């Protein structure tokens, strides 16, 4: 199989050299193959494969067998700088991307990143007063409140812990209110 691949690559290289010298004497099948290669290269323009230099100004890709004719007058492009800050990532369309430090999620707005980062808190700030389930966002708590899941969780809590659960939930709710007041006070004094 390797001998066939080597023979094919040799024939293709010779055909490309012939193409670069005189386009009129090319087999129509070779012309079609070259058009396909050019179209594929246009689609994959951003991806630059590692090329192995060969004779006659022809480069052959070591992985995919792609063939590329070198232009003698082409100047090498300067290497791109990789000095990008983690917060200043940009996608292919040029818009900024904000990456979460704890997981691999990326967001197009910094506000979305801040909202997402709350999900990584050890103690979630919004606690359901009925079942004790914690939520990172208030809107998620509102959606959850008094749903079948909430009632099921409450039933499980009551059967597992008895009536002492109500007292525990009140303490959690009270400490949550105090925690929010402290955060609001600290945030307003820094502004």
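Keep in mind that glycine also has a Cβ here, set from the backbone N, Cα and C atoms.
Within the listed segments 51-75, 126-150, Swiss-Prot records zinc finger for the stretch 126-150.
Annotated range for zinc finger in Swiss-Prot, selecting from 6-28, 98-120: 98-120.
Note on the zinc finger (126-150): its mean pLDDT in the predicted model is 88.
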